[in-house]
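**Student:** Checked TrEMBL, it gives:
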type	residues	note
BINDING	CYS81, CYS86, CYS122, CYS126	[2Fe-2S] cluster binding site
Amino acid sequence: MQEYHLQKSVVAKILAEHEGMPGNLLPILHGIQDSLGYIPQEAVADIAEALNQSIAEIHGVISFYHYFRQTPPGKNTIRICRAESCQAMNSQALQEHAKKQLDIDWHQTSSDGEFSLEPVYCLGNCACSPAITINNEVYGRVTPERFDELIASQRGAAE
C-alpha cells in the first residue's frame, strides 16, 4: 500500500488527462501501464470511481487483455510466440524450457526480478519460427540452447 501512495499521483494525472473522453478506459489502462510498468490492484478502485464503473468491470477488461500486467515486471520481458507457425516449429518445447529455466509461469517474474515471461500470439516473424522477443527485440529460430544463450547475455548485460 505504501508504494501505491507514491503511484497514486501518476494514476490521478492519467485519469485527469482522459476525463470525458469517450471510450477512455483502454487509453487510461495503457497510460498507467506505460508509466508504472503495470496496473496496480489499488488503482482499479480509483479507475472505477473516476469512470463510474464497478471494480469488476475494470478488472474484467484488465484480465481480458494479455498485454496488461497486474504485477511489476522484471527488468527484462520475454515474450514467446504461441501462434500456429511457431507451434508447428516446436515452440511448445521452447515454452516449457523457458518456464523451467526461469522457474516461472506465464505472467510471472523470476525471484531475482530479472525476467518476466509473457505469451504472445504472433510476432510477425513466422518465417523464422519459433520466435521470441526480449525487451521488444525479435529473435527467430530460437532453440532451447539459443534461449539459454540469450538469457545468459541479458544477465551479463545487467552486470
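Just so you know, glycine gets a Cβ as well, placed from its N, Cα and C.
Quick one: where do these features end up spatially?
**Tutor:** DSSP gives CYS122 ([2Fe-2S] cluster binding site) a coil state; it is part of no helix or strand. Residues within less than 8 Å, Cβ to Cβ, of CYS122 ([2Fe-2S] cluster binding site) and separated from it by at least 6 positions along the same chain comprise CYS81, ALA83.
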**Student:** Using all protein chains in view, find how many other C-beta atoms are within 10 Å of the C-beta of CYS81 ([2Fe-2S] cluster binding site).
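**Tutor:** Here the count is 28.
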